[in-house]
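As given in Swiss-Prot:
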type	residues	note
ACT_SITE	HIS75	active site, proton donor
BINDING	PHE11, SER43, PHE44, ASP45, CYS67, VAL68, ILE69, LEU100	5-amino-6-(D-ribitylamino)uracil binding site
BINDING	ASP72, THR73, ARG115	(2S)-2-hydroxy-3-oxobutyl phosphate binding site
Amino acid sequence: MVNLGFVIAEFNRDLTFMMEKMAEEHAEFLGANVSHKIMVPGSFDMPLAIKTLLQKDDIDAIVTIGCVIEGDTEHDEIVVQNAARKIADLSLDFGKPVALGIAGPGMTRMQAEDRIDYGKNAVEAAVKMVKRLKEIQ
């Protein structure tokens, strides 16, 4: 069984809540276990929580769940680009998959509502990566 940790952004919680529920349902469908969940204020705050979970022996992969909606400035792009870069670095540093389930940047609230399956897709990617990495070890 694949043990997952979820790191979930509270910002835009109405959307990340739906993303989280879809992700949980898909994890159960795939036979994966969500053994740890941590809420963080926003997507930019995820890396430290991810690092902490990756240090646990009972975590095979991390699923990130966040939603960054476009504003009047380029803030959304800065948040997602920096978070994604650090998330990828952590995956490589710890040798464990960290799946990017962050919707955005550059999307409206309506587009965000259409993309609530990003959490589900991240679960799919995390479980596949764990299984495929085990095949080559």
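Quick reminder: no glycine exception, Cβ is built from N, Cα and C everywhere.
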Calculate the distance in Å between the alpha carbons (Cα) of ASP72 ((2S)-2-hydroxy-3-oxobutyl phosphate binding site) and PHE11 (5-amino-6-(D-ribitylamino)uracil binding site), and round it to a whole number.
17
Any idea what DSSP makes of LEU100 (5-amino-6-(D-ribitylamino)uracil binding site), helix, strand or coil?
coil
Cα distance (Å, whole number) from PHE44 (5-amino-6-(D-ribitylamino)uracil binding site) to THR73 ((2S)-2-hydroxy-3-oxobutyl phosphate binding site)
16
Residue among binding-site residues SER43, THR73 with least C-beta crowding, 10 angstrom cut-off
THR73
For the binding-site residues ILE69, LEU100, the one whose C-beta sees the most other C-beta atoms within 10 angstroms:
LEU100
Please report the Cα separation of VAL68 (5-amino-6-(D-ribitylamino)uracil binding site) and HIS75 (active site, proton donor) in Å, rounded to an integer.
9
Counting every protein chain shown, other Cβ atoms within 10 Å of the Cβ of ASP72 ((2S)-2-hydroxy-3-oxobutyl phosphate binding site) number 6
